[in-house]
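Peer 1: Pasting a structure below so you can have a look.
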Amino acid sequence: MKDTTKEILERPLHGVYRWWGDKLFLTISVILGLSIIALAFAMAWVLFKESSLALNEFGVVGFLKGRVWDPGVNFVFGALPFLFGTMVTSVGALAIAFFPAIAIGIFVGEYAPKWLGAIIENLIHLIAAIPSVVVGIWGIFVFAPWMREKVYMPVFMWAADHAPSLLPIVGTPIGYGMTTATIILALMIIPYTTALTRDAIRQVPKEQREAAYALGATKWEVIRMAVLPYARGGILSGAILSFGRAIGETMAVAMLIGNKNTFPFSIFGPAATMPSVIINEFREAVGNLHLSSLMAIGLALFVISLIVNLIAAFIIRKYSITGGQAV
Amino acid sequence: MELLTLRKKVKSDNNTSSVMTTTNEIETTVEKKETSRVRMEARNLTIKYGTNVAVRNLSMPIYNEKVTALVGPSGCGKTTFLRSLNRMHDLTKSASITGEVLLDGNDIYDPKVNPVTIRRKIGMVFQKPTPFPTMSIYDNVVAGLKLVGIRDRKLLNEVCEIALTQAALFDEVKDRLNAPGGSLSGGQQQRLSIARALAIKPEVILMDEPTSSLDPKSTMKIEDLIVELKKKYSIVIVTHNLAQAARISDYSAFMYLGDLVEYGKTKKIFQNPEDKRTEEYLTGKFG
């Protein structure tokens, strides 16, 4: 046994092979690594170049502030309705999803017995993996009709009887609209926020929990004083990353939001978001200016996603805790 | 002379009542009558992890206003025993416990007893300093008080100052009580953890290798602090550092493979151990 080991160790090294192997691997890794940077810049460049026609025509601020999107007659394009639609649906979705997601994360991480926690966690991952077009179909056939019957119509009828001045704000209760899209978006990001919350809670060291228990804390007090403060960075950045997903979500939103390009939007009535207008109009965009305007919206979406991701990274840096210290 | 008669008396007592007698037990009985009262007591304590026995049929007293050291090689059950004394042990899912742990004569494992109230009476300091990193020094110290709903600022300030002074930390941090607890050095953090445990006015303080992650200078400070604290509190300390046990403890218990091998006055255990295993461990033959 000893002899064979010695023999192998004393064999001449396959110098050329090992040297080339190292070099080759290094080269491939470097090229692939750098290609990510190149890809990001290439995307930004193409978006920028293709959108320059529209941005020159209306000006960057003018385009973002423009309230009219008219590809049919006057060929005037402004992104404000879509910026507004995206922000309202995403912020609304995050507001709806945040606390339930954290509650589920806490339940899975702290309260549920192992087997139950594992089941819930796997189902969360499963729900997160459902293609958004499937969620959209479910929304069209089940959720939107149900909401129209049980929520929109009663509210609309009440408003018609008691407060007619509210009717323009409430909007036409067709079932497809901003509220439907927001709720569906919330359902879609709950799994992400939950999973990230769960991960953040998992990172909290046992010592922190025990320190709280040793002070005579109850289970909930331990979570409040030791677990959540320690995990806050992970939870917040998780919420922001989920928000980023909501901003970019296309298919389910396009299927359920009703796709109305003109301001003002109403609460139950149809609206549009940045991704939904791109996917709906891209194929039919014939004029160069129309196409370029859609590209400009794509560029804005790109920049917003970038900013959201940067904010998440900043929050992780600022609030995460390393080695027992708040950084 | 007096001691001798007492010893004889105890011996005769024990003879009549068929209880097993060793000189060691007589010694402790003598001391109990002589100096201080029993604060806590473990009776026939057996702790298992699943089917694995970690502590076997352990009985020993913990005296009031004394430092009791638990020593022994790794895996001997001393930390498990320590954690059973304030029901921290309940948090380990696979663990089961039989026997009794008395605090002032009441069994803390009585089903009617809420472990939360026990942990308020029996504080704990851990191996690693555990300040809550998002809280200020001040908030760390009063965290336990805020749990029981004390909001009176004046009272909190007062307790904070007293606890930090008792933990020999006040002078170092009095100008920056609002700085995060994590900004302190390791030794200061450990004293902060001690201050936090003292703030809720515990009756007994358990320490699980409180100096094992600290440098010699901080270790010395904590040791001085422990000697100072025993004037008011009963302290049980687990330590790997035999010299430390010899320096600061009044009583020592040597544990080996889950058994309490020997228990008695530290001086006696270290100078004249009765069990061969104790002697071998203390002289560095194993462990």
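Cβ coordinates are placed from backbone N, Cα and C, and glycine is handled just like the others.
Because the structure is a prediction, the values reported are computed rather than measured.
When I checked TrEMBL for this same protein, it listed these features:
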- A:24-48: transmembrane segment (TRANSMEM)
- A:83-312: domain 'ABC transmembrane type-1' (DOMAIN)
- A:91-111: transmembrane segment (TRANSMEM)
- A:123-146: transmembrane segment (TRANSMEM)
- A:166-192: transmembrane segment (TRANSMEM)
- A:263-282: transmembrane segment (TRANSMEM)
- A:294-316: transmembrane segment (TRANSMEM)
Peer 1: With CB pairs under 8 Å as the measure, which of the listed stretches A:24-48, A:91-111, A:166-192 comes out on top against the transmembrane segment (A:123-146)?
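Peer 2: Maximum Cβ contact count belongs to A:166-192.
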Peer 1: Below 8 angstroms Cβ to Cβ, which residues of this chain, lying six or more residues outside the transmembrane segment (A:24-48), approach it?
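Peer 2: For the transmembrane segment (A:24-48), the list is 295, 298-299, 302.
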Peer 1: Can you tell me which parts of the same chain pack against the transmembrane segment (A:166-192), counting only residues 6+ beyond its ends and a CB-CB cutoff under 8 A?
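Peer 2: Residues 85, 88-90, 92-94, 96-97, 100-101, 104, 124-125, 127-128, 132, 135-136, 139-140, 143-145, 147-148, 152-153, 155-156, 159-160, 238, 241-243, 245-246, 249, 252-253, 256-258, 265-271, 273 contact the transmembrane segment (A:166-192) from elsewhere in the chain.
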